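Colleague: Quick one: this structure, given as structure tokens, is what I'll be asking you about.
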Amino acid sequence: ADTIVAVELDTYPNTDIGDPSYQHIGINIKSIRSKATTRWDVQNGKVGTAHISYNSVAKRLSAVVSYPGGSSATVSYDVDLNNILPEWVRVGLSASTGLYKETNTILSWSFTSKSNSTADAQSLHFTFNQFSQSPKDLILQGDASTDSDGNLQLTRVSNGSPQSDSVGRALYYAPVHIWDKSAVVASFDATFTFLIKSPDREIADGIAFFIANTDSSIPHGSGGRLLGLFPDAN
């Protein structure tokens, strides 16, 4: 199975798999059952910003999700990624819909990793302020596609309307050196802007930023509440 560390923007509470009874952001370590969550209210049809950072000295993974002029939601969890992730990883964005639906549109995405070691100054930086129609630097999986407006659509959209039972992911093509033999782990920052929109009152399921082994693919049956990340709810 894939090794996944993720930050979820979860728009539908699945209390049967340990979700709180409200929309939330969460930190997931190798399981859809979040290690830490905080309440988050999605604003239907508004552009939001998610900022994820890992401090490799403090060994703390943090996320802040906000809307312009609104309040922000913050969650953090202490974890040593050296013990969890392989030495080389890929970073990606994932989203899903199930019975309920929403657009999972990404308008921009940036990432920077930086090693704390002077010996291994291998770092990676990328910025997408828009997405080309046939992106050579992205690995698109499942229903993910780029549209003529320069946006990344992680799940299926038809004539501007979100579709149910859809799952898609986009990974940056170049692997990231997340730690080396001296056990020095890279710090990183990721930011993406997103638009979640639905004509329905009930929406689902959410967007996640994730880090995985370089050959990671969408697990079979991982749509809906599993956000395209995990094969089951364990």
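The backbone N, Cα and C atoms fix where each Cβ goes, and this holds for glycine too.
Note that the structure is predicted; figures quoted are calculated from it, not measured.
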Colleague: Taking Asp205, Asp215, Asp232 as the options, which does Swiss-Prot list with Asp10, Tyr12, Asn14, Asp19 at the Ca(2+) site?
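Modeller: Ca(2+) site check in Swiss-Prot: besides Asp10, Tyr12, Asn14, Asp19, the record includes Asp205 out of Asp205, Asp215, Asp232.
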Colleague: Looking at Mn(2+) binding as recorded in Swiss-Prot, which candidate out of Ser31, Ser34 goes with Glu8, Asp10, Asp19, His24?
Modeller: Ser34
Colleague: Taking just the CA atoms, what is the gap between Tyr100 (carbohydrate binding site) and Asp205 (Ca(2+) binding site) in Å?
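Modeller: The separation of the Cα atoms works out to 7 Å.
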Colleague: Using a 10 angstroms cut-off on Cβ to Cβ distances, just flag whichever of Asn14, Ser34 is the loneliest among these binding-site residues.
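Modeller: Least crowded of the binding-site residues Asn14, Ser34, by Cβ count within 10 Å, is Asn14.
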Colleague: Which ones, of the binding-site residues Glu8, His24, Ser34, Arg225, have a Cα no more than 10 Å from the Cα of Asn14 (Ca(2+) binding site)?
Modeller: Arg225
Colleague: When a 10 Å sphere is centred on the Cβ of Asp19 (Mn(2+) binding site), how many other Cβ atoms does it contain?
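Modeller: Summing over all protein chains shown, Asp19 (Mn(2+) binding site) has 20 other Cβ atoms within 10 Å.
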Colleague: Out of Tyr12, Tyr100, which of the binding-site residues has the smallest number of neighbouring Cβ atoms within 10 Å?
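Modeller: Fewest other Cβ atoms within 10 Å, among the binding-site residues Tyr12, Tyr100, is found for Tyr100.
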Colleague: Determine the most Cβ-crowded residue among the binding-site residues Glu8, Arg225, using a 10 Å radius around each Cβ and all protein chains in the structure.
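Modeller: By the 10 Å Cβ neighbour count, Glu8 comes out on top.
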